[in-house]
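Novice: Dropping a structure here in structure tokens format, bear with me for questions.
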């Protein structure tokens with residue numbers, strides 16, 4: 001196993017542990033926004049769309065770049081916008097959590 | 001490490017930091033909005049950095065730029081307008097749709113890498129590529145069905161058919177076989193297509209038999225899957241921010257899924273069992 005691969009694997013395992021730890025019990029009103037927020041974060045795959053663009057040199061690959069960029073951009077733009085809107089609902093009536101609960 | 005590479009690595013680290021703290025802040029209603037915005041800042045940083053890397057490397061073909069920018073522009077416009085206009089009651093299916101395209105993007109990156117380096121992929125790297133394509137494929141079709149079920153375009157009732165169990169077994173075997181041969185015979189492109197087809201059908205079969213009421217839990221589970229697919233995409237292109245963010249979402253999403261199932265007094269296994277034709281079939285159409 002190469003040095004880079006080992007480093008990546010270590011980062012992967014430790015990040016998994018961070019993910020498990022950072023997520024303690026959250027109120028049920030926040031479950032959907034949290035799901036949506038996490039969904040927006042994996043939109044970071046857009047970085048991958050940029051990265052493969054550097055290697056594309058024929059039509060089939062250009063098409064793949066287009067779709068990777070399209071899909072990832074929808075994920076990022078939509079994910080953050082809709083999460084922000086959902087969380088905006090908490091701003092409107094602060095302290096009135098019981099109503100938002102159901 | 002060149003100077004740019006060093007700066008890039010540090011910026012990606014800051015970006016990853018933003019995601020972790022962002023998720024942390026999102027656990028409380030008071031700080032949730034701040035958390036989401038912090039994670040957005042992390043996203044912008046990562047995008048600016050990769051853009052700088054591409055510009056300085058200067059080896060991107062003009063057509064690739066056009067494909068990239070066109071995809072981004074259409075995607076941002078579509079995602080933003082859909083998210084702005086959606087009624088609050090329809091949010092879950094939209095999140096599921098965004099999750100589907102995220103998985104799709106990860107799968108496309110895996111396909112790209114598999115095609116460009118076909119035959120020259122070292123064993124330890126071909127494993128993440130294969131996992132990326134398969135998990136990405138499963139979440140893509142699975143989340144699309146979940147979107148359809150939540151929006152009523154696909155019947156919300158559990159959909160089962162007589163040979164469902166057999167079909168599940170066949171698809172699982174096909175997926176594993178395709179994955180195996182993609183690794184052992186990388187020069188044969190047919191196995192990539194088989195893996196892709198099998199994983200897409202796998203996603204369909206997994207989601208179709210699950211009732212609409214259980215769908216949010218399934219969406220959350222698929223969300224965690226997408227996180228893993230993105231992490232494997234990070235291995236493929238050797239980019240740490242994808243690995244960190246993907247693993248973070250994969251793990252946090254799994255915990256969230258368990259909590260959501262718990263709130264419904266169901267177990268995840270119980271919900272998914274419906275997905276494999278053994279559970280709540282009494283209400284099947």
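Quick reminder: no glycine exception, Cβ is built from N, Cα and C everywhere.
Sharing the feature lines straight out of TrEMBL:
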DOMAIN    A:9-92  domain 'NAD(P) transhydrogenase alpha subunit C-terminal'
TRANSMEM  A:6-23  transmembrane segment
TRANSMEM  A:35-53  transmembrane segment
TRANSMEM  A:59-83  transmembrane segment
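Could you give the neighbours, burial and distances for every feature on this list?
Specialist: On the 0 to 100 pLDDT scale, the domain 'NAD(P) transhydrogenase alpha subunit C-terminal' (A:9-92) averages 92 in the predicted structure.
Long-range neighbours of the transmembrane segment (A:59-83) within the same chain, counting only residues 6 or more positions beyond its ends whose Cβ lies under 8 Å from a Cβ of the stretch, are 33, 36-37, 39-46, 48-50, 52-53.
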